[in-house]
């Protein structure tokens, strides 16, 4: 049996997970939360990760009831993500691998999400919608690569939601997106917002600029409520995502959709995607916040697949890459 430990810390979550042949043995994590109206800076986030990462590592080993000797490989997030947090995690992973005398593996964060989603849902060969704070991509596997069929041409959908939350001072605890989702359930009026789909790609900066500028006037004049704005923003953003996912499915002849990434645990997005899938006679696969939101187990699972296919990362090559494309990775573990 192959046991892989994974370190994730590309944004404001720090997680350590352990996988043994498809079984999640442990997956503790911590989140760096800032006050309402504020985002998280790379340096502050890295400081948070440094403060708690050894505690989280200890928790992961204790929950899995394993010792360092039981681990076969150490995987870490190579990128994409924020530079300072990535460096912090890579440094710890490199140190642990050398102290324990274990092979090291740098993992693409996006592929970690995909492989975790495939493991948990048992989806066979889905069209993947990857939506998070830093990434928005429609992906499908072909000829040893995860090919990007469409993506955001500016900011990610999660970043759009987070920045809107700052405008109307929504709490960042547990996350801005979760709090927007709860408020949107109470929204009753749809406010028309810019809808920008360009072929297979989407753009979110225009809708964000529009709502940032208009929110104060709309709310102060009583034209709509904050709940209405949350509802309208979600409906518009998610409609765009469903459209490009359906187009990719049609192109690939796919009958499966897998939603991964932090925004993927939004139940309204899952509901809208489910309606589209039902109309096409397709099947939707999604997970909850344990596996959608950044976590160490997803890096361990991708690392497990890579390690079993014969991959390792030499110490001198164990750097980080902030802009690490999903389609740069040769997928040696799939036919």
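For all residues, glycine too, the Cβ spot is worked out from N, Cα and C.
Annotated domain 'Gcp-like' per TrEMBL: 29-300, in sequence order. According to TrEMBL, the divalent metal cation binding site annotation covers 109, 113, 130, 294. Look at TrEMBL and you will find 130, 131, 132, 133, 134, 162, 177, 181, 266 tagged as substrate binding site.
Under 8 Å, Cβ to Cβ, and six or more positions away along its own chain, residue 113 (divalent metal cation binding site) finds 130, 132, 260, 261, 298. The separation of residue 109 (divalent metal cation binding site) from residue 177 (substrate binding site), Cα to Cα, is 20 Å. Residues 130, 131, 132, 133, 134, 162, 177, 181, 266, recorded as contacting substrate, have a largest CA-CA distance of 18 Å. The binding-site residues 130, 134 differ in how many other CB atoms lie within 10 Å of their CB, and the one with the most is 130. Looking at residue 266 (substrate binding site) and residue 294 (divalent metal cation binding site), their Cα atoms lie 14 Å from each other. Cα-Cα distance from residue 134 (substrate binding site) to residue 109 (divalent metal cation binding site): 11 Å (rounded to the nearest whole number). Cβ neighbours within 10 Å of residue 109 (divalent metal cation binding site), excluding its own Cβ and spanning all shown chains: 27.
In the shown protein chains, 27 other C-beta atoms lie within 10 A of the C-beta of residue 294 (divalent metal cation binding site). Residue 132 (substrate binding site) is surrounded by 25 other CB atoms, counting those within 10 A of its CB over all protein chains shown. Using the Cβ center of 109, 113, 130, 294 for divalent metal cation, the list of other same-chain residues with Cβ within 8 Å runs, in sequence order, 10, 110, 112, 114, 132, 135, 260, 261, 262, 298. In this view, residue 177 (substrate binding site) is surrounded by 25 other Cβ atoms within 10 Å of its Cβ, with every protein chain counted. Across the domain 'Gcp-like' (29-300), the prediction's mean pLDDT works out to 97.
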